[in-house]
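Here you go, one structure.
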There are 2 protein chains.
Amino acid sequence: MDIGALLTSAGINIAICVVLLSLYSILRKQPSNVSVYFMRRLISEPIKHSDPFRFERLVPSASWIVRAWQATNEEILAAGGVDALVFLRIVVFSIRVFIIAAMICVFLLLPVNYYGQEMQHKQIHSESLEVFTIGNVKEGSKWFWTHCLALYVISCSACVLLHFEYKNITKMRLAHITGSPVNPSHFTVLVRSIPCSQNHSYSKSVEDFFSTYYPASYVSHQMVYRAGRVDKLMKDAEKMYRMLKTIESTTKKSYMPCCLCGKSTHSFEALNNDAESVEIKTSSDELQPSQREKKLKISEQKDVEKIYRKLKTIETQNKMSSTPGCLCGGIMHYFKMLKKEAESVECKTSSDRSQPSQTDKERPAAFVFFRTRYAAIVAAQVLQSSNPMLWVTQLAPEPNDVYWSNLSIPYKQVWLRKIATLLGAFVFMFVFLAPVTFVQGLTQLDQLRQTFPFLKGILKQKFMNQLVTGYLPSVILMLFMYAVPPTMMLFSTIEGNVSHSERKKSAGIKVLYFTIWNVFFVNVLSGSIIRQLSVFSSFRDIPTQLAKAVPTQATFFTTYVLTSGWASLSCEVIQLFPLLCNGFRRFILRRQEEPCSNHALTFPHHTEIPRLLLFGLLGFTCSIMAPLILPFLLVYFFLAFLVYRNQILNVYVPKYESGGQFWPVVHNTTIFSLVLTQVIALGVFGIKRSPVASGFTIPLIFLTLLFNEYCRQRFSPVFKRSPAQYRFL
Amino acid sequence: MDIGALLTSAGINIAICVVLLSLYSILRKQPSNVSVYFMRRLISEPIKHSDPFRFERLVPSASWIVRAWQATNEEILAAGGVDALVFLRIVVFSIRVFIIAAMICVFLLLPVNYYGQEMQHKQIHSESLEVFTIGNVKEGSKWFWTHCLALYVISCSACVLLHFEYKNITKMRLAHITGSPVNPSHFTVLVRSIPCSQNHSYSKSVEDFFSTYYPASYVSHQMVYRAGRVDKLMKDAEKMYRMLKTIESTTKKSYMPCCLCGKSTHSFEALNNDAESVEIKTSSDELQPSQREKKLKISEQKDVEKIYRKLKTIETQNKMSSTPGCLCGGIMHYFKMLKKEAESVECKTSSDRSQPSQTDKERPAAFVFFRTRYAAIVAAQVLQSSNPMLWVTQLAPEPNDVYWSNLSIPYKQVWLRKIATLLGAFVFMFVFLAPVTFVQGLTQLDQLRQTFPFLKGILKQKFMNQLVTGYLPSVILMLFMYAVPPTMMLFSTIEGNVSHSERKKSAGIKVLYFTIWNVFFVNVLSGSIIRQLSVFSSFRDIPTQLAKAVPTQATFFTTYVLTSGWASLSCEVIQLFPLLCNGFRRFILRRQEEPCSNHALTFPHHTEIPRLLLFGLLGFTCSIMAPLILPFLLVYFFLAFLVYRNQILNVYVPKYESGGQFWPVVHNTTIFSLVLTQVIALGVFGIKRSPVASGFTIPLIFLTLLFNEYCRQRFSPVFKRSPAQYRFL
């Protein structure tokens, strides 16, 4: 591929981006799309709907870019929580480190590579891209110290920036833990694997256990119940009936109640403040039990009254307690939250529901409420029983975060499920090799001509040639990649995670491994070796093989950044699928009301973080070998910065908050990318017979690993356990 | 090597064993050796010294074997604690599993191997050993199902027995935690990395921190002090002076006081019972500060009185506390223990010691005492600070177990030290290749003849030939191996472990890796490949390479069991080094008094466990390939059973107790051995073209790993954290 083909590819992609972004800026002005592009605002602020038609609505504008650029950290925090802020730090880190890399690589390495050996240079337009890679520098050249220097500068600046980010994010997380409003889930522990007793119920077991071992801090508990199969069938039938009814009569019937319950997330703070003033009558009325689709049964009225009386007694007893008043209200509030969450899932006015059948079985899981936040942390961290597979405790997820259907999975299955899904994901990773190998074949035209002789005519045209080599492979790969996150999400669901955030994190890690393996390694190593399936047959040859393969594959990666990177951002901002759904709902189903908040999307960390990290990996590994990738990558990250800020401010609704839990994964992946870069550089210096450069690279690898170990010691425990210093907050 | 050579080797070893064991049975009857062979009894029971000379004292007898055999579990527990009992479980497990393996392998596999292919069998005496290995079965034979069956039987019985042992040892450990007498170290937490403050001392920081965050349960604390350099020099000079003085005048001066302080370990329970009755005056007198060689300074009189007053107040306040009375006495007792420990290290009557200089610096480490055992467990397990490298807590080791000089290592260095020692141990492992390669050369006579032509004459003699191939290599290897444990112990000391038991465990793991690598893998792989140093150059070939190498190296391993195994047990029982020291002391230095208890040896887990596990590994891997090793191995384990019981009952003094902490290591190593065996078998079945046997082996590997994961989930957390259920005990 030459500069011309690259520019063709860039041209196509720039055009697509401009078209899509313009389209977005028009679409977002249409009132009918407000639920697609302004879902978060729709929920938190009233938006005027009586916009008269104006001509401006059809003119593309860049106002959203300005607004996204100008938003402050406080606004982001308010809109998307700590997770959003931490996510944007990944983008900022990437921009910073790749600006440094681009400076040194473009101004120092590019000339060195270009004039690396004595040759007749063609016109710049038809110059092969390989002339700009390290492959063009002749063996034993004295100029390899520039590459080594660049490697040092990039590694050091990456480590310094990583340390800076880790430190700040740890601070942010701690501030979130202490500064967030008192959340009843802080006082709650989720207990699983309650041992079965012949004499009494699970509920009695829980009460006995915790009142024996935590007499001072145990308050109460709430069992998890399982809905019967008949219940579920009836629920489905009812849902169908409601749906059909709605379609028939396009009235605005259910608008208000829907949005009321949708507000649960945002009315949180307000409710919390006046939680004390909640009357017993009201709350027990509100807690009228009703069977939930999500297999949760809120405890019956008697239970609630019992708990309330208990809480009242405790409250009057310890007026001097560290969380006075707040606790009782808090736990009543937790009940309400649980109820509202379950309601909002169904999104309907509960009124004529039947009493739950008394045959419903308790599951061996329960939420246990404690008197203080510290007691809950301790109960969650300490080993409860001499059999570590019984009485398994963890801090309860936020009410919105609980993944109800997994609560009833027996804990003894969880480790088996984890292994099974791991194997499943592994197999999936290798089955996926088929499309990737096919894509790889497309970049090698000669092979393609041999396999499909009828294509010869088409491929002779220069433009088609450039299109096929420069564009098609990435598009095909991208389409295949869209199937991956849902599959990994399915695996993570089967795994038995009890909260949405855990599930998303676990899926994200799987997607990350998948992406790095299938996009980076398979593409790098496929060219020559994949057919013999002996990719990793030898240990010591890995650096050499990578060193041979990466510079030649740099072209593919550059086009991958152009197509997959830029296009994915345009797709992200235009929200194609929700847009189509919205259109279908409005113009086919003729439903005019706004969808309720639980149709709102949460930020898809599990797809976006792996994508950013993949581009980071490509940037690091190619920076020294083929610096031409860096400008394109920088454009990607700048665009990502704007797009994600816009999306966080306008589209995604934060239903739960993990407090930047995913940062250690990001950190480790970045370190992995750095070390991989250094190993590849080591291999290249070896092939090019530059012992000095090789010699200087080895300590760099060692130092990078040492830095990683330091960060692991210094910061990562805070992401696993809550420090006790914060117990009074 | 043929059967004849093997029998020669066995003959030599049996003779050596019989001679050494007879010698032992004579030596142990000599009153002058009582401190070598009966140290533990000497400390716990009074032994009569006025034995008149009788002729029986010069006649070998087997009475010690009978006594070792007849000892009950209770006696072992009383003599050696839980650690000794758990150690003996390794031996018992090995005996059981190898009896099963020997039954099936000798009666089923040996005939299959021997008649594996049609050949003219020689006289059994001069039959090559290779005829008995799996190498003799012809390719594609239908009889490989017997090997596969044997593999299944061995793996399943090993897993069942492992589960049984793990379960029992967990029970034992829990019983130890709950059943052991209230030990003040249970109430104590060791805090390290106390942050430096400009305004006040470390001591004040500790008090502020714990009285803020643990107001209800914090009692008091004790700083760790550093002795100055001058102090140390003076101490050394004093020690030299005392030593010289003792040699000059061979009086019995220091006999009594020495044994008094030596008794600290055993007077433990007695002291604990009447701890309440200890008077304030006595204890504060006893706690008169004196500078310690081991860099500990017991707090000054004022401190002690202050703490005592505080304790007294607490005790009178909470008469209803869960550990009434016990606590105050307990912590006073802990002080005393610390003092006695430090005293017994110096082994002298402290009387005229000068007041410690006030310039001694506090170190950023302290022992913090809590009101209840549970509070200490919580404080040890919970993350204390938002900076995980400050306020690092762990349960305090027992007073005898504390490794004082490492307490003053800054915690921030510890992770660096760990990495450094890991690298050091790794380098040491590879440097050690030199002697191993040399040893390996000895088994290949032809090569030896080529290298040293002058040896040709000697090596022509048949006996010399057998001696060199069958015996010399193992002896040389064994001698080299003696240097390993002290080196690894040194590494573990540098690592910064704060207790003797941790240090020993860490050294044990290093020795284990070292032994398995250098004895097993290097020997297996050296024959053909070691010279190119590309041992692990290829992934997928490992099973095949191992499969080729293990059966041919089985001969070497059989002789290794004979020499290293049997001889090491004889050396163990005869205690050569202490015996020589004792002789030197008695007959050269003319010191007649018994040595005091702190010269007593603790059980060398760090050398004996790796040795047992190595023989287990050899047994498993060779069982199917070369079943002839099994009878010799069984003899080894039977002898080990008797010898170690004897040693535990008579020789080793348990100074501290880890509660079977090392069992998970044993378990994991055994699983590793099993999986390695299966992988090798897979390779062999592959080479021998038996697809059915290969096919059945793969699920076995998977099931074994699954079993290991189950055990990890089910049992191992109890070995890392104390379960909260036991808080009231």
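Quick reminder: no glycine exception, Cβ is built from N, Cα and C everywhere.
Below, the features straight out of TrEMBL:
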DOMAIN    A:5-165  domain 'CSC1/OSCA1-like N-terminal transmembrane'
DOMAIN    A:186-406  domain 'CSC1/OSCA1-like cytosolic'
DOMAIN    A:417-685  domain 'CSC1/OSCA1-like 7TM region'
TRANSMEM  A:6-27  transmembrane segment
TRANSMEM  A:86-110  transmembrane segment
TRANSMEM  A:143-164  transmembrane segment
TRANSMEM  A:419-443  transmembrane segment
TRANSMEM  A:463-484  transmembrane segment
TRANSMEM  A:511-530  transmembrane segment
TRANSMEM  A:612-644  transmembrane segment
TRANSMEM  A:665-687  transmembrane segment
TRANSMEM  A:693-711  transmembrane segment
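Relative to the rest of the structure, where do these features sit?
Regional average pLDDT for the domain 'CSC1/OSCA1-like 7TM region' (A:417-685) in the model is 82.
For the transmembrane segment (A:143-164), the residues of the chain that approach it from at least six positions outside its boundaries are 93, 96-97, 100-101, 104-105, 108-109, 112, 116, 134, 137, 620, 623-624, 667, 670-671, 674, 677-678, 681, 684-685, 688, 690, 692-693, 696-697, 700, 703-704, 707, 711, judged by C-beta separation under 8 angstroms.
Residues 6, 10, 17, 65, 68-69, 87-88, 90-92, 94-95, 98-99, 101-102, 105-106, 109-110, 113, 129, 132-135, 147, 150-151, 154, 158, 512, 515-516, 519-520, 550-551, 554-555, 557-558, 560-562, 565-566, 569, 572-573, 666, 669-670, 672-674, 676-677, 680-681, 684 of the same chain lie 6 or more positions beyond the ends of the transmembrane segment (A:612-644) yet place their CB under 8 Å from a CB of it.
Within its own chain, the transmembrane segment (A:665-687) has Cβ neighbours under 8 Å at 90, 93, 134, 139, 144, 147-148, 151, 154-155, 158-159, 162, 165-166, 505, 508-509, 512, 516, 542-548, 550-551, 609, 613, 616-617, 620-621, 623-625, 693-694, 697-698, 700-701, 704-705, 707-708, 711, counting only residues six or more beyond its boundaries.
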Mind checking which residues of the chain, 6+ beyond the ends of the transmembrane segment (A:86-110), have their Cβ under 8 Å from one of its Cβ atoms?
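For the transmembrane segment (A:86-110), the nonlocal Cβ contacts are 76, 80, 132, 134, 146-147, 149-150, 153-154, 157-158, 161-162, 165, 168-169, 172, 603, 605, 608-609, 612-613, 615-616, 619-620, 623-624, 627-628, 630-631, 633-634, 637-638, 640-641, 644-645, 648, 660, 662-663, 666, 670.
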List, by number or range, the same-chain residues at least 6 past the transmembrane segment (A:693-711) whose CB is under 8 A from its CB atoms?
144-145, 147-148, 151-152, 155, 159, 162-163, 166, 667-668, 671, 674-675, 678-679, 681-682, 685-686
